[in-house]
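The structure appears right after this line, and notes come after that.
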Amino acid sequence: MGSYHAGSCTATKIKISFSLFLLLVGVASAQLSPTFYSTSCPNALSTIKSAVASAVSSEARMGASLLRLHFHDCFVNGCDASVLLDDTASLTGEKTAGPNANSLRGFDVIDTIKTQLESLCPKVVSCADILTVAARDSIVALGGPTYTVPLGRRDATTASLSAANSNIPGPQLNLAALISAFSNKGFTAREMVALSGSHTIGQARCTTFRNRLYNEANINASFATSVKSQCPSSGGDNTLSPLDVTSPTSFDNAYYRNLVSQKGLLHSDQQLYSGGSTNTIVDAYISNTGTFRADFANAMKKMGNLSPLTGTNGQIRTNCRKVN
């Protein structure tokens, strides 16, 4: 009987130890929380917000650029600030990937925010969280919906050029490929259409839409003529045109109205309204801007939750451009 009790006691200890282990593992992979910095860096969010507001008031396009930085970060191995890493002798970053080279911008704004936060609360606020919050604040600064951003992401110590080249959906994709690219990251077709509404702000380079401009039939003739004056059939690759010709610096649902008028700038834009399964979603966002704003905010929250590094994974970079 005594030996049975000893065994039972040992078993209980093992159970308790295992429970404690699970608890500790749970803490290490803790869920993100909106209050993550409330004691460690209480002014983190207000610091990011004012820096973004300043940058966007200086140049409205910067709001779109910061939003795109976050998108291109999250679609490549999760929201881990890998997109911010510069190339070094021992690390190949993502900045030279096809979707990023000569087009991603806003790195200097992130650097400015990081410098301010390092002086306020050294080694506390991650670059991944800065990117996520800056994207939300950019949307709000241009008139878009606000939403709560859970915090506690940590920064990657690696990057993936190959994933950046393969995972970020490009402007030449047709509807099926767009649905698939977003589905691979856990998004529905409706969420893909909502996130595409980010093209209500920002600009694109001539090289990304020249083929549509000169070779596609489902494009408004006067719109095409107007854009051709900025984007010749050869040369001028980096000349910019607004993605939303109607209200390029206002976050609204005009992007979708433009699609119905065949004024989508990118091939991938017009694909959302070309007689396919997403026509009804576009129509819904035109008829109810509140539905669009709610769907967009929810999809942005979901994107910010893509495979974050938490707990003891990753690190808090002191310089967003390089690993500590």
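We number each residue from 1, going along the chain as drawn.
The backbone N, Cα and C atoms fix where each Cβ goes, glycine too.
For 1-30, the entry in TrEMBL reads signal peptide.
The feature domain 'Plant heme peroxidase family profile' is assigned by TrEMBL to 31-324.
Feature annotation from TrEMBL assigns disulfide bond to C41-C121 (among others).
Under the heading site 'Transition state stabilizer', TrEMBL lists R68.
The active site, proton acceptor annotation in TrEMBL covers H72. Using a 10 Å Cβ-Cβ cutoff, H72 (active site, proton acceptor) registers 22 neighbours.
Among the features that TrEMBL reports, Ca(2+) 1 binding site is placed at D73, V76, G78, D80, S82, E94. Residues near D73 (Ca(2+) 1 binding site) in space but far in sequence (CB under 8 A, at least 6 apart, same chain), listed by position: C79, D80, A81, S82, V83, L84, A128, L131.
The disulfide bond annotation in TrEMBL covers C74-C79 (among others). Around C74 (disulfide bond), the same-chain residues at least 6 positions away in sequence with a Cβ under 8 Å from its Cβ are K185, M303, G304, L306.
Residues or ranges marked as disulfide bond by TrEMBL: C127-C320 (among others).
Feature annotation from TrEMBL assigns substrate binding site to P169. Long-range Cβ neighbours of P169 (substrate binding site) (same chain, at least 6 residues apart, Cβ-Cβ under 8 Å): F75, A177, L178, A181, F182, S268.
Residue density at H199 (heme b binding site): 25 other Cβ atoms are found within 10 A of its Cβ, drawing on all protein chains shown. For H199, the entry in TrEMBL reads heme b binding site.
The Ca(2+) 2 binding site annotation in TrEMBL covers T200, D244, D252.
The disulfide bond feature in TrEMBL is assigned to C206-C231 (among others).
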C121 (disulfide bond) and G78 (Ca(2+) 1 binding site), distance between Cα atoms, whole Å: 25
Disulfide-bonded residues listed as C79, C121, C206, C231, C320, least Cβ neighbours within 10 Å: C121
Packing count at S82 (Ca(2+) 1 binding site) (other Cβ atoms within 10 Å of its Cβ): 28
Alpha-carbon spacing, D244 (Ca(2+) 2 binding site) to H199 (heme b binding site), which is rounded to whole Å: 6
For C206 (disulfide bond), the one of V76, H199, T200, D252 that lies nearest, given that the binding-site residues are compared by Cα: H199
